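Student: Below you will find the structure I want to go over with you.
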């Protein structure tokens, strides 16, 4: 049999087969075929013993007796093993119960007790309170946990002790440090006005950064811009285009002031609102915006540089909703030139956002002349932020506006395209915060 263990099947076939010789000495004998199951051998053997009927019966009986004896021994061995396993499990349970009782008896049962250190998750305190005056007796001393009134917080799952180099700055001091930057500001509320074709969506980075400094920020969406349902071709005046901004100022309290910030054509809307609500505007900030003088229109301003700005001429698409015999009703942008014209320094994700969000600019407000006075418009402190890599409103055009209508102070954003809220949001935020802190100059 080799290394295989053989078991005899309970079913046996005894097929009498006649000798091929037919008669003679082999006529009274038969050959028996037995089916044997071999485990764990993977092959089946077929034995063909030539046995008589009487010999086969005695051999089969003896083998059956041997199998029964082996089966009985296996069952007895398994029964003893099961009893030993139950005995071991019972001993383990008794030992566990004894250890639990011992631990319970050694732990003090009062309200001030603490969990033994061996069962306590290790922690370290960044700002630890005063050390306990005493420790418990015994080989293991109880560790007092920090109280809620202590100036600190628990650092989870760390047993590192505090080092002398660890700063003692509390979490709330980080916020206070940021808020200290705007303590000297006259107002803590910004109002943001988007440029032509843009919407309130373009200020999402600036809003986030200013709010982190503790400012309240409002982004106004002008008529026919962003999510406005009004058709741009139907806007016929600067007052109509600026209506949401005017409504905002009307809703302010009489003594409330804001810092007004405008971009691009939003500068013309700012000038219109500054003339109407001078007492509600603490400061006005023009970001590459149309800072118009009295009697000037945005179209007049851009016509000064239109001949030298080939990219602007290529990017602009005039719309004639009333027919080409009449003036244009709106100006759209060639989407394929947006990157080169407006967003040459902006991230691709912001370019993608602008590509699906920009709308046409109403032409009537662009061609309308603005009338401002020194008493109202001139009483508001103005600041200008130049964008130094701007191809839509080139630096020369920005400087021409500054020279014609000088502000109190001029700032520069290096590396910024026409959309600094995309290309240089951190730098823009820094300048806005700085402007909010500039105090009034004392008259000599």
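Note that Cβ sites are derived from N, Cα and C of the backbone, with glycine treated the same way.
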Student: Which range, 1-32, 193-224, does Swiss-Prot list as region 'Disordered'?
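Tutor: Of 1-32, 193-224, Swiss-Prot gives region 'Disordered' for 1-32.
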Student: Between 124-176, 230-282, I'd like to know which one Swiss-Prot lists as region 'Disordered'.
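Tutor: The range carrying the region 'Disordered' annotation in Swiss-Prot is 124-176.
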Student: Which residues of the same chain, at least 6 positions away in sequence, have a Cβ lying under 8 Å from the Cβ of residue 418 (active site, charge relay system)?
Tutor: 264, 288, 341, 342, 343, 387, 390, 391, 392, 393
Student: Mind looking up the mean pLDDT for the domain 'AB hydrolase-1' (190-310) in the predicted model?
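Tutor: So the average pLDDT across the domain 'AB hydrolase-1' (190-310) works out to 94.
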Student: Let's check the environment of residue 390 (active site, charge relay system): how many other CB atoms sit within 10 Å of its CB?
Tutor: 23
